[in-house]
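Undergrad: Attaching a single structure in structure tokens format; questions to follow.
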Amino acid sequence: MTGRTTTSLWDRFAGFDPGLIRLTSALRAVLGTAATLALLTALRAPETALVVGGFTAMTTSLAISDLHPRNQLITLGLGLPLSLACLAVGTALTPYPTAAKLTFLVLICLAVQARRFGPRGLGLGIFGFMAFLLSQFAPARADQLPRLGASVLVAFGAVAIVWCCVGPVTGPGALRRLRHAFDVRLHDVLRDAASMVLATGQDVGTRSRSLQDRLDRLHESVLLIENLLAERAAGEDTEALRPHLNRVEVAAQRLAVLAVRAMHTPAARNDPAERTARQRLAQRIRALRYQPTVGTTRGAERCAEGYEGDSANWPTGSAFVLDCFPAVDELAEALRVLGPRGRPRARRTASRKPASPTFGALPRRDTDKEGLKRGATRQAFQVTAASAIAITAGHLLSPHLWYWAVTAVWVVSIKNESTGEVLLQSLRRLAGTVIGVVFGYGLAALVNGDGPALLSLLLLCMFGIFYTPSHAYWAVTFFITGTLSMLLALTDTFSTHVLLLRVQETALGVSCGILAAVLVLPTTVRRAGNDALAGFLRALDHLLRAVASGSPGTETPTSRVHAAHDLDQALESFRKASLPLTHPFAPQRRRRHRARHLLELLDAGAYHVRSLAATAERLPAGHVPEYAMRLTAAADHAHETVTHLIRVTGDRPGTVSRVARPKVTTTLSLLSEEQRVCRSRLSLEYRLLLHIDRLDSTLTALVRALDPLAPDLDRTAVAPSERVDLQLPHGPAQAAAVSCADPADRCGRARAG
């Protein structure tokens, strides 16, 4: 019983922190700092060397954001000479304040420009900024430079030893942790889906939002796994895992959509058959939480669960409940292919040689490089201008603590693109600082100068800095201020006046950041959102053009999954750009509802794109689809809609049209309102057509949301006379004909034999 409870708690822990990334970073920061301070204390280093060493050890965890352990060590190795160089330059310029501050501004500009090189460039920029800043607030002199350099070396050495010897993490280990988080979050989705089909329908909204949150967390873990795989060397394991993870996620989301649809369906409460069907469905969903063991046959597993997948053995119930049973089977099959360890099962198929990009194939591309370069250049000017104002005005408040204002400018500007994002981050920074000052003052007064207690609290607050999720930045700032308060108490410089100066310098810094964001090459929230939306549409257009122009009959195993991943990254960029509008405290309710409605539509479109990629991956090798002509026509029409959307995004006016406020709901509810097709299993070919058609419908709704006064687009994707009979690829015994005039038409199916 105790072991089961421990396992459950560990699963909750892994689900809260996917891959234990934040925990690992926090432990490395705390243990590295403690080891550095212990070594320097044993070497009888002076107080300045202790501050330099401890600060440098903490900076290593702050600057390194790579997922793969190999890349983390590379960034750590590159950060050492850069930190030494910046510390040396700053220490040498300490006697010349004007030259030191001008050099600092140049360094800030270069550090922000380094963002164009991705996470490693940003990390190296943080190393340089922090090292020069350290030379300014530590009472360092040129004759102390060898000792300070030795402290930096000790800090990097201690951190490297902690990383390599205390809980080392390898590439496979990191993937295994992320895979465990994926399993835990998938189990959460299944638990909520099972409870939903048994619900009475009175709390549909609450349960739907809860299930949507579970799916968002599952998708977050998939993105983390894909980002980790992108940092690894390309290999068979890497390429095989991506499509299978995508297939499991799509199957789980499809089951959730059908469960919400079944819950919306009014069921006879006193109907025993309906209750039995829902109970059996919930039992089937719960059974999926226990992954089948390797080698279990499909028939043995289903017999063990008391269920046969044939529709003849389905229980009697409403059509919407019975629709969920094939979705359960599909998810079970996806989990069976993926395997209990997150590795795809080996398949006995003929060896395949690489094929040229074809139907649905997309070459890998770096979609964000140009935008990243432009944003880095613009931000470099903004942060440099804001820092110049902060240095000048900060000296008026305190000649010795002006660097707090510069630090506030840096943190509120470095990862934010628009004025709204800077404003939101500034408010979080200021709120966390004020709360942290009150907390730090009370804690320091309570400890009353006890050195070991202060050091323990300092390390505890440092742990909170790195373990707190980044979206709760006010809490991160709270722990930063608490750490600073403990440090001031340890160095006997703690006072109410210093804490008030901390608040004043922070308020000055965030004000300078906001002022620069408004006046120096400003980017409004609307423009940032339009740019991110255009990036999403371009990624979607790239995929649809490949579908429309490809030649069928050959296979590219993972290109469509890569394209879907690019689309997900673009969607996350739009979500981040829209955060100032979708935040609960956003003052303009009309714009908040509109931005949330756009996010719902984009989420729904991304679901259909992921489903399209996952379905295309399941087509047999060398399969020449009979639906190619219709698929190309549908993709061409969707491509035209995307082209119109890109034009609308670039040309729409700066004011919001005075139209009725859109209804805001969850993406799950939006998808569940789509018209039901039929409860029988659909062929892969028809499912592709269906997802493209529904993607086109979602894009048309997006056109109406972006440009409400525009005329309706022509919705004729395929002429009614173009009727094609598609055979299900299950052999003669299970052949079924599908005849549709348009993918939106409902299919008529006739089972043979």
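Here the Cβ of each residue, glycine as well, is placed from N, Cα and C on the backbone.
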Undergrad: According to TrEMBL, which listed range is transmembrane segment: 20-43, 596-619?
TA: 20-43
Undergrad: Pick from 103-121, 426-444: which stretch is listed in TrEMBL under transmembrane segment?
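TA: TrEMBL lists transmembrane segment for residues 426-444.
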Undergrad: Is it the case that the transmembrane segment (426-444) and the transmembrane segment (49-67) have 3 or more CB pairs under 8 Å, with pairs at least 6 apart in sequence?
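TA: By the criterion, they do not touch.
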Undergrad: With the transmembrane segment (148-169) as the reference, find which of 20-43, 122-142, 473-494 contributes the most Cβ pairs under 8 Å.
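TA: Answer, by Cβ pair count: 20-43.
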Undergrad: Of the listed stretches 20-43, 49-67, 451-467, 473-494, which one has the most C-beta pairs under 8 A with the transmembrane segment (122-142)?
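TA: Per the Cβ count, the answer is 49-67.
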